[in-house]
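I have placed the structure first, in the form of C-alpha cells, so that the comments after it can refer back to it.
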Amino acid sequence: MTTTPLAARGPRAWWRVPQRQVPVLATLALLLVMYGIGVSQYRAFSNIQVVFNIFIDNGFLLVVAVGMTFVILTGGIDLSVGSVVAMTAMVSASLLGDGVHPALVLLIALLIGPTLGFAMGCVIHFFDIQPFIVTLAGMFFARGMCTWISSTSIPITDGFWTSAAQERIRIGENFVTVSVLVALAVVAVAAYTLAYTRLGRNVYAIGGNQQSALLMGLPVGRTKIAVYTISGLCSAIGGILLSFYTLSGAPLIAVGMELDTIAAVVIGGTLLTGGSGYVFGTLLGVLVLGVIQTLITFDGSLSSWWTKIVIGGLLFAFILLQRLVGIRKK
Amino acid sequence: MSQRHPVLTMTAISKIFPGVRALNGVDFRLFPGEVHALMGENGAGKSTLIKVLTGVYSTDAGTITLDGQQVSFAGPMQATAAGVSTVYQEVNLLPNLSVAENIFIGREPRRLGSVNWREMRRRAKELLARIDLHIDVTELLGSYSLAVQQMVAIARAVDVNARVLILDEPTSSLDADEVAQLMRIMRQLRDDGIAIVFVTHFLDQVYGIADRITVLRNGRLVGEYPTAELPQIALVEKMIGKELDALERLDSETDRDRAAIAAGEPFVAADGLGRTGSVAPFSLTIHAGEVVGLAGLLGSGRTEVARLFFGADRADQGRLAVDGAPATIRNPVAAIDRGVAFCSENRRTEGLVGELSVRENIILAMQAARGWLRPVPRRKQDELVERYIKALSIRPANPDMPVRNLSGGNQQKVLLARWLITEPRLLILDEPTRGIDIGAKTEIQRLVAQLSDGGMAVLFISAELEEVLRLSHKVVVMRDRRLVAQLDNDDTLDADRVMRAIASGAEQEGLEKV
C-alpha cells in the first residue's frame, strides 16, 4: 500500500485539449474556415471593415446571447428575451416621443428587463415551475405590452439617441459604433463574473447538479433568480442597442430572436443541459451567425432564408458534436 | 475508550412513518477517533437513523447531543455546518467542475473579491496529498473513478471541519484496491480524531476496520459491541434474528422427495457462471420441481445470481445449460423463450406498471411473448385474468382496478400471475414476501410449494431464513458476491447452520484482509 494505483495518470500532453474546451475550439475552427471561404471567394471580404460590420449588425444579439448563456449554464432557458428587447425599444421610443429626458428614459428602460427577469426567476424558484413555461408566459406578456404601447412603429428623433446611433468610433481607417463597445464591455464583464466570482461558479454548480449544489450548501435559489435577472438586464441593454440601430421602436421587431440567441449559445459550445460552456464561445457563436449572413449577402443570388437553413444544419452538427464529446467522456 | 466523552449521543430515538415504526427507542454513541460500524439487514433502520441524525427526518422522540449540546438539525446543510458530514455511495458532488473547485466551492479563497484559482489549486493539492491522493486537481471531477470521487468528497467533508463523518455504503461499487485505499484513509482520519460511522454490509470490511459495532434489527437496537468481542457468527445471528415465526409450518404441503427430484435431468445447470464485478463464478443446478433457496445478507450477490439466469446481466465467464443442452441467455427475451420468469425485488420500479389495470398488468408478459401483432382476444383475457385472480385470491377482485391502488401483497400476486400465465418452467422470485402482510405472505409461500409440486423449478430469494428453510429443497448460501455453500435441506439443516455458513463461509478460502 505504498503507491496509489488510482492516481496513475501521466502529465497531460501539451497537444491534448481539455475535453470541456473541445466544443469552443470546434466553433473557432468553423469560424476561421468560413471566414477563409469568404476571403477566398470575394475580394472585398478581406476588408477588416467586414468584420467590424458583423459586430455592428449583431451587437445587440451578442448582448442578449450573453444573458442567455448564464441561464443555459444553470440548465434553464429564457424564451422571453426577444419580447423584452422589443418592449425595451418600444418603451424608450414612446417615452422619448413624450419628451422625457433621455437619461431618465435610459434608466427606466434598463430597469424593465431585470424587473421582469427577477419576477420570472422568483416564480421559477419558489413555485418550482419549469423555466420553459414561465418564460413563455413572460414572452407573451412582454410582446403584448409592445402592442399595447403602440400598434405601429414609433420613430426616435431624440438628439442623444441619434448621436449614439451615428457616432463612428474610428480605428485606423475603419470604424465601429457605440453599440460594439457596449457589447464587448458586456462580454468582458460577463466572462469575469463567470470565471472569478462566487456567483459565476455557483451558476456552473447548479448546471452540474442542482441537488448536489444544494447539499453542498450553495445558494441555489438566489443564484437561479440572479441568472434570470441578469438575462433580463442583458435583454434591456440589447433593446437599447437595437433602438440605437433602428432609431425606432416597433411592436413586431425581434420576433423569434430568442431562438437565434439559443442557437448562438449552443453553437458556441454551451451544453443545453447546463454546467459547461463559456461566454467566449457565445461570442464565437454570434460571429458564426454573422459570417453566414455576410457570406449570403456577398453572394447576392441567395435568398436570406439560406441563413436559417445553414444555421439549422450547424445546430444539428453541434448538438451531435456535444453528444459525441459527452459519450467519449464516459 | 470509556473514560472519554462521546462526541455524539443519540438517546431513545423513535421515528414513525404511517403504518411503520421505523425506529423504536434506539440509542447510539460515537466516540472521537473510532470507526463505528452500523449494521443491520434491509429495513433494520440504519438509513432512517442516519437521516434522523443529519436532519433529513425529524425525530418523533428522543434526543441527539453533539459535544454535550442538544441539537436538532433542520437539514443536511445545518448538520454539515455543525460538523456532521455524510458521504454517500452515489457521490453528491459536481462532475462538471474541477477537483479543486469541488473541494472549495462555496468557500473559495479570494483576493479582492476574485476567486484565487492558484491558491485554490495549491490548497487542494495539499489537502489531497494528506490522504495520499496525487491527482491533477484541475481535471474535471467526472473524469475520475467513483472511488476517487468519493475520496474527494471525504476530503471536502474533512476540510469543512467535520468531526463526525458518516460513510453510507461507500464501498458497494469499489474494487478491492479501491476499498483498501479507502480503508487506509479511514484509519488515517480516525487517528486524527475524527469519529466515523461506517454503514456497510460487507462483513470482512467491518472486521478489518471497525472498533465497535452497533446492530439494529426491525427498528430496534440489538446492542453495541466492541468488534473484538463479537464473533462473526454472533453478529449475523443478531442481524438476522431468530424470532419465533408466527407463520404456520408448511412442511405438510411440500413434498420433499429430494431423491426423486435429483434423479431427473436438471432444468438449468450453471457451470462456473460469473460476471466480473457482480458475482464470482459459481456452479448450480436446478431441477424441475425443485425449490432452491438463495440465502445471504443484503448485497451478498443473491439478486446478481438471479439476473444472470434471467439474462438481465450477461455472464462473462462459465457456461449455462438448459435441458442438458448448452445455452446462452443474452437477454430477458431469450430467457422468457426458454421458460424462465423473473419476479423482481422492486415491484414498483422494475415490475408493475402502476397506472395500468390489474388485467393489463397480468396480460403484459403473455402479450409480449406472442408479439404485438397477435393480440390476445378479450374473452381469453377475461377468462385467464379471472382464473388467476381467483387462484391467487387477489383482492379486490376487480380486474379494472389500477395496480397502484392495491396493497403490496396483492401487487406481488399480480406480478406472480403475470409470469404464471406464461407457464414458465423456472420461476425466479426475488424477495417476494418483503414488505407484505403475514396473510399474503403465507398465501405466496403456499403457492410456491404448490407450483413446485406441479413440476416447476423455483429459485427463491429471501432475507428471511425461516422462509427459505421452510420452502426449499436445497439452500444456497451467498456471501460477499460469492457462492459459499450448497446445503441439502434435510432434517439436520436449521437456521443455525445456515447462519454459520453466512458468517464464516469464506473463511476456508482465507479472508481478504484489508
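Glycine too: its Cβ is placed from the backbone N, Cα and C atoms.
Taken verbatim from TrEMBL:
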- A:20-38: transmembrane segment (TRANSMEM)
- A:104-127: transmembrane segment (TRANSMEM)
- A:133-154: transmembrane segment (TRANSMEM)
- A:175-195: transmembrane segment (TRANSMEM)
- A:225-245: transmembrane segment (TRANSMEM)
- A:278-298: transmembrane segment (TRANSMEM)
- A:305-325: transmembrane segment (TRANSMEM)
Taking contact to mean 3 or more CB pairs closer than 8 A (sequence separation of 6 or more), are the transmembrane segment (A:278-298) and the transmembrane segment (A:104-127) in contact?
no
Relative to the transmembrane segment (A:104-127), the stretch among A:20-38, A:133-154, A:175-195, A:305-325 with the most Cβ pairs under 8 Å is A:133-154
Counting only pairs 6 or more apart in sequence, are there at least 3 Cβ pairs under 8 Å between the transmembrane segment (A:305-325) and the transmembrane segment (A:20-38)?
yes
With the cut-off at Cβ under 8 Å and a gap of six or more residues from its ends, the chain residues touching the transmembrane segment (A:175-195) are 49, 52, 55-56, 59-60, 62-63, 66, 69-70, 73, 164-165, 167-169, 203-204, 234, 237, 241, 244-245, 278-280, 282-283
